[in-house]
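Participant: A single structure is presented below for examination.
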Amino acid sequence: MKKDIQIGYEHFKSINELNETEKKLFESAKQARKNAYAPYSNFLVGCSVLLENGDIYTGNNQENAAFPSGLCAERTALFWIGANFPNEKIKKIFIIGGPREDSENTPPIPPCGACRQSLMEYETKQNENIDVYFSSLNEEVYKVNSIKDLLPFYFDATFL
Ligand code: THU
């Protein structure tokens, strides 16, 4: 029998529709994107992460000549936060991606599958949802209230 899964998301035509905290996260991610080390793909991704204590940390993609050795912006930030603030809950992550040139015409860039899986791990660990925003320099934004909306049929520790 065929069944449907419903996921929820919000779409904002511009960052002007976001609140002040969200705008701040957009700006932080945009700033972080500038420091991406992406000489091979020339695709720059930055992200900002809001913790429960109000602090914001950022990450960007870090590539390597041995291609698989690099890491996405989201996991660069998440693993650093996990390493340094293991007990601090993650409230929101804001992602901005696009090619080095001409990013103004790029649509919102969603997180890759591996980053969704990592985000799911932290959402499960803290037992509280994480808001995920993804955008680009064209300032259009998508938002989900939980990684579950990005990763139906997710694999987690309950299967181990
Ligand atoms: N990338 C990210 O940083 N995050 C994603 O979710 C998608 C892809 C990076 C990896 C690589 O450095 C470049 O973008 C092109 O795939």
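Cβ coordinates come from backbone N, Cα and C, glycine included.
Straight from TrEMBL, here's the annotation block:
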- 20-158: domain 'CMP/dCMP-type deaminase' (DOMAIN)
- CYS72, CYS112, CYS115: Zn(2+) binding site (BINDING)
- GLU74: active site, proton donor (ACT_SITE)
Participant: Check the domain 'CMP/dCMP-type deaminase' (20-158) for me and report the mean pLDDT.
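Facilitator: It averages 97.
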Participant: To see if you understand the setup: which same-chain residues, six or more apart in sequence, place their Cβ under 8 Å from that of CYS112 (Zn(2+) binding site)?
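Facilitator: The answer is CYS72.
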Participant: Please report the distance from the Cα of CYS115 (Zn(2+) binding site) to the Cα of the residue listed as 'active site, proton donor', rounded to the nearest angstrom.
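Facilitator: Cα-Cα distance, CYS115 (Zn(2+) binding site) to the residue listed as 'active site, proton donor': 6 Å.
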Participant: Provide the number of Cβ atoms within 10 Å of the Cβ of CYS115 (Zn(2+) binding site), excluding the reference atom itself.
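Facilitator: Excluding its own Cβ, CYS115 (Zn(2+) binding site) sees 25 Cβ atoms within 10 Å.
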Participant: Within 10 angstroms of the C-beta of GLU74 (active site, proton donor), what count of other C-beta atoms is obtained when all protein chains are considered?
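Facilitator: Here the count is 27.
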Participant: Which chain neighbours of the Zn(2+) site, leaving out CYS72, CYS112, CYS115, have a Cβ atom within 8 Å of the mean position of the site's Cβ atoms?
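Facilitator: Counting only non-site residues, the set is ALA73, GLU74, ARG75, PRO111, GLY113, ALA114, ARG116, SER118.
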Participant: Let's see if you can do this one: DSSP helix, strand and coil counts over the domain 'CMP/dCMP-type deaminase' (20-158), in that order.
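Facilitator: Here the numbers are 51 helix, 36 strand, 52 coil.
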Participant: Tell me the Cβ neighbour count for CYS72 (Zn(2+) binding site), meaning other Cβ atoms within 10 Å of its Cβ, over all protein chains shown.
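Facilitator: I count 22 other Cβ atoms within 10 Å of it.
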